Amino acid sequence: MTTLTKTEGEKAPTGPDSFLSVRDLRVRFSTEDGIVKAVDGLSFDVERGKTLGIVGESGSGKSVTNLTVLGLHNPKSSTVEGEILLEGQDLVTASEKEMEKLRGNKVAMIFQDPLTALSPYYTVGRQIAEPYMKHTGASKKEARARAIEMLTKVGIPQPKTRVDDYPHQFSGGMRQRAMIAMALVCDPDLLIADEPTTALDVTVQAQILDLLKDLQQEFGSAIIFITHDLGVISDMADDLLVMYSGRAVERGSVREVLREPKHPYTWGLLSSMPRLGGDTDQALNPIPGSPPSLLNPPSGCPFHPRCAFTDQVSGDRCSTERPALGEGRAAACHLTAEQKQTIFFDTIQPRLR
Amino acid sequence: MLQFLIRRLIGAVVIMFLIGAFTFFLFYTVPQDFAALSCGKNCSPENLAVIRENLGLDKPITTQFWEFMSGIVSGRDFPQGHCSAPCLGVSFDSGNFVWDSIVDRFPLTLSLTVGGLVIFLTLGLGSGLLAAWKRGTVVDKLVSGASIVLSSFQIYLLGPIVLGILVYSSGIMENPKYHPFTENPGTWALGLLIPWVVMATIFTAQYTRMSRSTMIEQLQEEHVRTARAKGMSQRYVFFRYAWRGSLIPIVTILGIDLSALLAGAVVTEFTFDLPGLGRLAVDSSLTKDLPLTMGIMLFGAFFILILNIIVDLAYAYIDPRVRLS
């Protein structure tokens, strides 16, 4: 709490293995109604071979952050400040040419809906082969062989014939596999998966998650896994970042955060999640209210209008002072460590059974 | 694909037959004695009977219909001589074979269409793509603004203005005139240049706006973003991914415009005093020259059907989802 200084953002430790390091990232869109602060002082690190999970409601800035990492935000309507360091190279200041060399090559992305994210006009094989040809200079024939190899790797049956199919001839799960094949075709060091299983049914979802884990072991890539599904995140991620209103509100290892969450927003997320084997008479506890407007974010802590525990903080600090996120395992909240512990074990945890 | 084509061609023949039947009976239910129209001032009952016989109007209507339809397929014999297939009958007014009149006028209409098409497609799509590529810049605003102004012009307004400037006052060019392409392509192009440009101006504006808006729409598609995320360049994504999706609406409108133009560009032909199919159609309906009107209608319907099939084939080529369903 002592780092509450002029930079509103928070500092996270830069580990020695830190492969991607985002520092005080701010993304703003100018719209007709004013400036939208989609990401507002976000910092995080991803290590090689590890998976960082990012959770949060829609509009919390998860997707914008990761599109910005790839430089896919609209440069005309948005401004980006801060640093995105990929192995020391700053992506915020990188030229479009340099970004093109990185995209699909060193950093690749898996999108949420594989039906709309794959072009209906070209064969799956061609779409997988394209980035391979572009980044490795392979011939058409080599790239086709590579596409077949990738389809085999992601478990598409009869890859030699399916390579010439169009996306609409694939099932939902197969399309997502093809998408993963496309993302992995150049052995990226960093893979950004933006809700890759949200559009799929649970059995397919489990297969895709297994596939991603296997491929991570094989390639040693770092993964940023964006989702709003805490069940999926506990299965996939090593570290967890909880985002709210364009900022990180809680950070830690997945075990720590899910075992003993420290931020009222994380409590809310956990309480609103239905559980298998849960008591059917026990009502779910959704977070009251709706996500804040990014045009006029609330003063102080952005979560305070929806927070049930503001009365336990002395004075009106919640509405006047933005809590900082400390280093390492931390939550951006004005409650004291003891208060958090008491509230969690007395009030929140019993609800989660 | 072949099966699809055969099915469509059979369908087209059936539709042609239906259109023929429909127009035939529609016209013949008109309470008008066509023989009396051709008879002139000093019409005696004997004359009337002769005319009626010559025009075939004394026969029962079903017989007339049969003769008309079979004439299209296998030709017919008239007092003037044999009318070979596709025989669309004899003009009441001139006594010429309808088919011959159409064939006589069609080259001009075709020339107008082809020349205009080349100009408005090149300029329209080119400027539309440019505006989409430079979206939000001065270039985009200029192109968009110009296209709105131009699309509110009319051929009959723009035509006389251009003629006034280039022909009547300065004498830089001659009055538009049709010279057969086969005689001299140079004079052919020069003679039709003004009508082409004036006609194309109106169409260009329409195609500019359409291609710009569909391209902008396509560029926001998720699969276009995926392609960018793979590292494909802006240019590649623009021409390979977004352009492909924009082709569907463009081809659709193009098919409609082309079939309308091939049936006769009435306004253009009247504005520049060019004797094409459109004028023939208007003249025939003014003189109540029934066989001629019907013949031109069927001729136009033929192009609409053929272009429909071509557009459908183009869809299948552009979008693989159409191909298999």
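Residue numbering: from 1, along the chain as shown.
Even glycines carry a Cβ here, placed using N, Cα and C.
Because the structure is a prediction, the values reported are computed rather than measured.
The transmembrane segment feature in TrEMBL is assigned to B:9-28 (among others). Proximity of distant same-chain residues to the transmembrane segment (B:9-28), defined by a Cβ-Cβ separation under 8 Å and at least 6 residues beyond the stretch ends, is recorded for 61, 64-65, 68-69, 72, 290, 293-294, 297-298, 301-302, 305-306, 308-309.
Residues or ranges marked as domain 'ABC transmembrane type-1' in TrEMBL: B:106-315.
Taken from TrEMBL, the feature transmembrane segment covers B:108-133 (among others).
Through the fold, the transmembrane segment (B:145-168) approaches residues 127, 174-176, 194-195, 197-199, 201-202, 204-206, 208-209, 212, 267-268, 270-272 of its own chain, all at least 6 residues removed from its boundaries and within a Cβ separation under 8 Å. According to TrEMBL, the feature transmembrane segment maps to B:145-168 (among others).
Residues or ranges marked as transmembrane segment in TrEMBL: B:188-208 (among others).
Per TrEMBL, transmembrane segment is recorded for B:247-272 (among others).
Per TrEMBL, transmembrane segment is recorded for B:292-318 (among others).
Counting only same-chain residues 6+ beyond the ends of the transmembrane segment (B:188-208), those with a CB under 8 A from a CB of the stretch are 111-112, 115-116, 119-121, 123-125, 127-128, 131, 143-144, 146-151, 153-155, 158-159, 162-163, 166-167, 173-174, 176-181, 250, 253, 257, 265, 268, 271-272, 274.
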